[in-house]
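For reference, the structure discussed in these notes is given below.
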Amino acid sequence: MLQSLAGSSCVRLVERHRSAWCFGFLVLGYLLYLVFGAVVFSSVELPYEDLLRQELRKLKRRFLEEHECLSEPQLEQFLGRVLEASNYGVSVLSNASGNWNWDFTSALFFASTVLSTTGYGHTVPLSDGGKAFCIIYSVIGIPFTLLFLTAVVQRVTVHVTRRPVLYFHIRWGFSKQVVAIVHAVLLGFVTVSCFFFIPAAVFSVLEDDWNFLESFYFCFISLSTIGLGDYVPGEGYNQKFRELYKIGITCYLLLGLIAMLVVLETFCELHELKKFRKMFYVKKDKDEDLVHIMEHDQLSFSSVTEQVAGLKEEQKQSEPFVASQSPPYEDGSADH
């Protein structure tokens with residue numbers, strides 16, 4: 001009897017604090033994933049770093065042996081200055097003198113990476129005035145970019161995701177959840193093909209020292225806004241039509257980022273993923289927890305825009321992936 005009471009009380013305790021338990025496991029899982037990544041990266045990259053260090057020491061020792069008139073401190077000072085300039089995107093190589101980092105097209109590419117928070121790091125402001133302007137420009141430009149992307153993604157999502165799903169649901173009678181899942185998978189496949197595989201093949205042809213894997217790596221690092229900066233297109237010494245190439249890359253990165261956000265928004269609106277996310281949200285038991293700062297208690301690109309714009313008609317279609325009463329149509333088909 002006591003055991004059954006204790007068991008039932010434990011079950012009630014777990015159910016009462018289920019959200020807290022799920023959140024705790026989420027934090028633990030994230031920390032373990034961080035540790036897992038660190039272990040894998042360290043085990044894979046550390047041997048290559050050690051080999052590179054040994055190779056550089058051998059080259060340096062051989063160079064000093066062949067040039068006895070040059071002392072090691074002088075060489076260290078020269079190499080330090082070269083590496084410092086390289087961090088600012090300035091190369092000492094003679095065949096790299098023709099590439100300017102701050103002409104208009106390069107500055108346009110830099111501005112796009114700053115506003116999208118990609119930040120490759122291959123080119124950075126040299127002067128104090130440039131650094132100060134970069135701070136002010138980013139403080140204003142990054143929220144402006146978020147507003148711009150929010151508006152674009154909301155409009156694109158209506159035409160690319162919501163209306164097609166609603167059309168197949170009403171016109172053909174398919175389950176809205178099934179249509180939404182199939183549509184999300186197809187949209188993801190098309191996006192990966194158009195903004196990853198095809199551009200990677202193009203970059204592997206245009207960039208002399210890039211293979212397909214390195215090109216695909218650049219596309220992923222860029223469109224996910226990681227922006228490590230180890231691969232930056234258009235920096236080759238014999239790059240033809242460099243200005244036009246830089247403008248094309250800027251357009252590709254902007255369109256690719258919009259496409260990625262549309263796909264992300266499409267998957268986030270799936271009913272199954274919404275239920276999964278709610279497992280980790282705090283349970284609103286108190287009255288003060290029910291007070292919404294915003295009109296909708298959710299954060300998504302489309303919902304934010306709907307709150308700002310107040311588009312009630314679009315708001316009716318903002319939940320196309322859950323079962324709801326279909327709007328009446330005389331012909332049994334959508335009028336759009």
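Using N, Cα and C of the backbone, Cβ positions are placed for all residues, glycine too.
Among the ranges 15-20, 117-122, the stretch that Swiss-Prot annotates as region 'Selectivity filter 1' is 117-122. Among the ranges 85-91, 169-175, 204-210, 225-231, the one that Swiss-Prot lists as intramembrane segment is 225-231. Relative to the membrane, Swiss-Prot puts PHE203 on the other side from TYR281.
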